Amino acid sequence: MKGQQKTAETEEGTVQIQEGAVATGEDPTSVAIASIQSAATFPDPNVKYVFRTENGGQVMYRVIQVSEGQLDGQTEGTGAISGYPATQSMTQAVIQGAFTSDDAVDTEGTAAETHYTYFPSTAVGDGAGGTTSGSTAAVVTTQGSEALLGQATPPGTGQFFVMMSPQEVLQGGSQRSIAPRTHPYSPKSEAPRTTRDEKRRAQHNEVERRRRDKINNWIVQLSKIIPDCSMESTKSGQSKGGILSKACDYIQELRQSNHRLSEELQGLDQLQLDNDVLRQQVEDLKNKNLLLRAQLRHHGVEVVIKSDSN
């Protein structure tokens with residue numbers, strides 16, 4: 001991105017300011033250049049300038065540490081001015097009132113406006129008496145007698161700033177306010193442990209009572225089924241264990257009776273089969289007897305059947 005030439009009008013005449021190229025990915029150590037003839041070019045403190053690109057985009061510039069002597073307008077070349085390397089990154093700081101829009105150039109400046117001091121490229125170096133390339137210049141922003149760049153940082157460290165319209169610049173001094181609590185915080189109130197224990201105990205007692213009632217009802221039903229037990233004996237104080245014992249005896253007796261009856265049933269089935277066989281034999285004998293009688297009558301023999309009684 002190429003810098004754009006700016007013109008600043010003062011009482012003494014018109015001065016041309018040539019801005020250099022901004023750092024790109026090809027040369028990460030390069031810095032923004034603003035080279036002029038001398039620091040005395042702008043004797044009028046009301047002179048303003050605007051950094052602006054051709055397409056209205058953002059402008060990247062680099063902060064150079066300048067000694068107090070240079071800030072006070074001493075002779076060029078005196079004092080140490082060190083540049084911060086472009087490869088080091090720090091926390092970005094936003095300077096309030098450091099940038100102005102295009103419309104602000106035509107307005108009258110006030111005492112609180114930002115003024116800029118320029119130093120030639122010969123005054124910029126890595127140490128005392130050292131110089132860098134001829135296209136490098138130091139740019140220091142001051143407001144009154146106080147520097148808006150904040151506290152001075154040691155040499156060898158620096159940061160980059162992005163120049164944009166004042167509407168897009170965040171106010172450095174503004175802080176985000178947190179809404180106060182509408183009501184005092186109260187920890188979650190928990191019911192006493194004794195109350196929970198009592199509630200659980202009451203529920204347990206209710207369950208146990210229902211279970212006992214069911215058992216008592218079943219025992220009463222058993223006492224009605226068992227022949228030896230009766231309601232009178234139960235009312236007289238017969239224990240539940242006695243009723244259960246008699247119920248067990250009765251169940252055993254019923255099982256034995258069932259087994260005996262099953263055996264007798266098998267014997268009856270066998271007798272039934274034998275009876276059927278004998279009945280069939282009796283029928284056969286009767287039929288044979290009838291045939292013999294018929295033969296006797298055919299031959300003229302009279303058969304007299306005598307009963308046992310006779």
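Using N, Cα and C of the backbone, Cβ positions are placed for all residues, glycine too.
Just so it is clear, the model here is predicted, and its values are computed rather than measured.
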Which range of 1-26, 53-78 is region 'Disordered', per Swiss-Prot: 1-26
Counts by DSSP class (helix H/G/I, strand E/B, coil) across the region 'Leucine-zipper' (271-292): 22 helix, 0 strand, 0 coil
